[in-house]
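Read the structure below first, then the notes.
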């Protein structure tokens, strides 16, 4: 049915993030990772494969996937058959699944059954539930019912007291004295209800089923008595999961366990025994035999096994046949068995035709000699109630729609007598706990009141337990007839016949009609309605489960089931909802999931009592009828997987009790994803907004984007030819006053109105014939083009209820048109256009991206524009418009060739667009065709899921699913939103920016009240997505405190910054914060908004802020003093741009860079002037009066000069500069102090704190490499120079932003030599203590971003290898922090070879995984395939081999002597040991458990050798949600666009052009050299790696498109003979590698730390991975304080001060090193204590565990610890944080040391999330009133919510010393 290519596509789709949901699940106390359930897979296939029409076809396709090895069983042992059942499967990612044609029938088998009905997922799931706590539970209802019936049963209970007492006394000597509590089955409702949860055999505990799903237990956890195993009847109902001694399993687990139990080969071995007088032989097993099997199978204790076995017995899996007695013991047996209950053997000894009446008559004839007995039937959601029947069995059943009566079985005394007279019957007795309970004359125990019915079909069960002994035997019940008879005999109210292969229901089921309330017939073979007639006789039935059958209709007799409240019909063949269902007026839960329904009947409104409706995975349902709004009691609605329901009707907001919605988020278009992603409350709120009134938008935006000179404006003119043009001056507030002739040139955005005629709308739909379109007839015949579908589609208009609107009948069709507002961007600067166009993008816009068909695709910028649009509007239609086809002369003028090239270009980069079309704006060729495509795309939006088979269309399955929008022509928008937008547009003419308070006042004019805050937030977010305003709902910053009403005003603000390039911004792209007020004049931008606008520009990644340091003032000094030192020779001088001279002490921190994240307190309400009266004024430019020659000279002075290529001369020049540095710093010392009196920050007038004083604008940096870069870099190109490098391969072009953050960090952390827009060359600043020859300052580092290969390339060169290795480690540390904090994913990491000078320039790239593998094997070298030389791993990867750490720190395992274990961590164990005759602590890492973190294996790359020159490297690029960087812009074009405003740049551009030409020549030469080396390389590969290349070719044939996985592996000459399956690296998980990297980081960090209060690392070991540290004999501070508390002792005040002072001293050292180190996990368990060797009473404290520590160069944003006890509020919020977070943690330690308790333990929070919420709300531990005042004040300061108000550790040490002195003085 599916060919090879289709299976490959299906495999990719089902395994994608939007495919089948996989998660960790528990089955029989074992957790399985990344698994799914069989029926989930069938549901997904049925819902997502259009060709699959039935579930049978879906099962067959699942079997095909199973046979192909794409999916496999979790465990081994079962038949390799794919089942639509509760079976666990997983994706077989550990095998090579490329060859799908080879059936893998030997895949690992035996499925493990799902433990619960897990939520099946089609694509992205929207499971929305409203959290609410219910005060009234089933337990409360049952207790009330019991109390009401106590008096009615008082007499009956008193009559039975004597019998009960006798039973109790006789049972005192009984063998049944087990203290094990009765089994408890606990279930909970799933938060995400689906077809499976409704249609499964039971609704089970999701907490047991999945570790990822929260559940709400039915029981109260506080009522469980954990000290005793015997309970009263009421206590039994309150047993909960939290008790470790009580084993609870869900029903599905028990059912599957029973199947394994009855498996002849691996199940229980049965014994042959004789029973009865006739000596009938039966197959049975003993209790101890069963317990032994369970203990071995489940690896649990015997007590737990008894619990599980008892639960199986209560499910009627087996029955007790009792003890076989001899004749001589009859009397004793009779005495011991008095009052016992007849065993369930009756169900096998009586004929199947026996009737309940016959049994009743027999019971009545022996009523005088029989003793009534009670069987406890425990419902899983209600307390136990025992109903005692009289001897005549005359008790009436109390029935209700919501309760079930639990009855007891009264056995015949004649049968009991027979069993006592040697008949051989096996008579069981009741447990003592039951008889003891029954001896109490408690009316409540013997009431006959009904019980609350369970919400699932788990049967009621009593407190019988399986006996763990060898003389009590049990027999399996396998036949349905026997189970029915057993239930009838024991009068149970629950009948479970699941998985019994039933095709006809036995007629004996009528015997259960009087008391049966729950029946489960799921997973059988019922297909005809007449087979269900017998169910209609069960007039007391309340729950019926018929799921997983083949039913298509129900018998009309079902209407008799008047008490039915729950009906499960999921996973059947229903095409319509049976009419009989609508007659069940008491129905509360209805599930029709995974059927073939095509519509929802309007009769659904008749089910007034319905509370839960599941219609999921009926993919033909296209709307929700408005009659559903009549279900006022509805609480849960599930339409998940209904692929044609694309909107949620507004009437759902009127359902008062609705608390849960389940739907497919990628299909639902209204509400939009921005609303649905926020949860249930926001969805209902938006639907309420719609319900109050809706409108359709009057127009649709059509935005024309594209690079410069691609014909954007010409295309707009061609589209609007012969139509009236409507101009819009967007920046009237800012632009200069110009004449009318200048308007068209300077208007930044020209908005033109275009009206297109739509096909006439008729009563039955929309006519889409192309003949009705307003197309020009004079155009040339269109060539074959790539476009969207033009198939005939008929969308319907919807009203607010989601139903089709009735069009008035007319004789002629209605004529319609659509109004498009074309946005033509005419920004005055290319930089402004590239960076600020994103302000105007709208999710409700149509996009045209222009591209000149005559230009090279690689420079088209299509990636940038498509990614930029996708970021703001991921589902908007995008057309690539190839212009200038009239001038295309290649390929004989056939434009099909370049259009196909565009198609391939987009496909290779995974750029998803709607279509590609070629046009000519001059001849108007295909312009009408483009209009037609726009119209058809708008019409087809409501039917965007239809497949298009037109070969000329650029459209595949992936694109058609992802590029899908709502039907904008008919979409209803809340009227209040449109009113607000109109009012804001009027207000924007007066003031373009307002505070949030002012914005709320404006909203009041649009009928937004004070109480409608959430509505205003929804409306504001919607307008922001439309591009009407700019606002960020960001609780982590102050961006939410203001709203920009005019996006063009904000764009002009940025333009003003660019205009100041030569007046206030130097050539380095640096702007002083103090100069900002000279650019943004007060009458243009109020100064109160300056910082906020900078924050917003940084959020868009247009500019970056730089943290305060003295670099800036020194840079200014250097520029001013350059003339004084002008007599220096070129060899001994460095210009201002090359080197930033710094004068710092060795102890001061390095200057740092921080993203604009520091919180600035909100300014008071601002009074803005009327912006319409303010215009831009050009700032004073000092260069305006200079001649062109002077400007050129100044520009040349600013450019870095070439220096000598000799490293020796460079080092000499650096020595000479040292004296200059000292002189320059002394000359202007006073000026520095005056200009930077507050070195740590600036204070605003209102007291707000600013942590930066400079801004860098990357777009102002030169685009091309400096011409003298080669000469600078060649400084370190000698034979004796070393090189260490690392290449990061990224997936998409957004990685450019990653480089910008890296560059900004190194700009002021290091000493830049030269930098440009895509690279930076720097050295580390030299300190006076360093020897320049051996220091890191003698090394050079080049960091570049290759825009062609999307690689971030890092190379460090130097004469001394140790210095290079140390510097390289620092660079990697900072890059790694940026990648993690900003969650930037790179697809692969490479290590460049440096075996020779030639290889250093054009290196072979080793995949890092290969080096990891080689080093893991103990090898020290690898071979370079280019030069065939051996390369030392230590030289190319010092971070992996830790060669940067001193060699005397490396320890061999033989040198270590292990002693006892002293600590255990998550993935490490700490041992006490001996090293060099000294006692040490050995922290040994255990990576065997890393498979629990990440089971992702590594696969091979297709390419062996990857060189940076290989621009044709195939990389699969994916779209990204991060901000994008614009493509490289030619500065010459910039000059043309700036026009008269930037005339002073002309001469500068000439110099740039010259540099670019020279750079291009150098690049051409390099390319030629690269091509020659590539040819040599290819020849070597063909000779030496021929076999491996053949394997790669075979892999390429099996794959359609190359892909980049997370950590790929490439073979080399060392492993060329190894097959892919034998590659040992494939067995290493990425989680393990990450852990190993953290081990290396910790070793590297600790090796450089030396302080008396830092735990000293004495060495490290690779085999095994271990760190040897000094031994701290007392242990952790946490355990020390705990022991003090337990012993009732207090911590001596002097000792307390000594401990906290030691900790503060160690942390002060970390924060003051260069660069500072943030611990990030400071807590009492990570503080180790040791006693003094000579004075045991003296204790020293030391800081340890640096696995999470990071160098603080800029703030962090990632949360690395899950326990919130010691975490600061900014970390919990996910905000950026710095060393101040350690201060907060230290405050908690201060409190902990004084109170000897863990923080927040006093509040007894049960959930970490609750604790986090309270911490964020300001909760802190209570401080004892007797605490020292200064100490208490210090605690409060340290844990202040504002990080800026927390003291530093230097200040803390000073305070602690003052406390110590005050204590001494007080004595």
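Every residue gets a Cβ built from N, Cα and C, even glycine.
In Swiss-Prot, the annotation region 'Disordered' applies to 1509-1546, one of the ranges 1471-1508, 1509-1546, 1547-1584. Between the listed ranges 1073-1117, 1118-1162, 1163-1207, Swiss-Prot ties the annotation region 'Disordered' to 1163-1207. Annotated range for region 'Disordered' in Swiss-Prot, selecting from 882-901, 902-921, 922-941, 942-961: 942-961. Matching 76-95, 96-115, 236-255 against Swiss-Prot, the residues noted as region 'Disordered' span 96-115.
The predicted model assigns the domain 'Protein kinase' (1456-1864) a mean pLDDT of 69. For the repeat 'LRR 5' (586-607), the DSSP counts in helix, strand and coil order read 5 helix, 3 strand, 14 coil.
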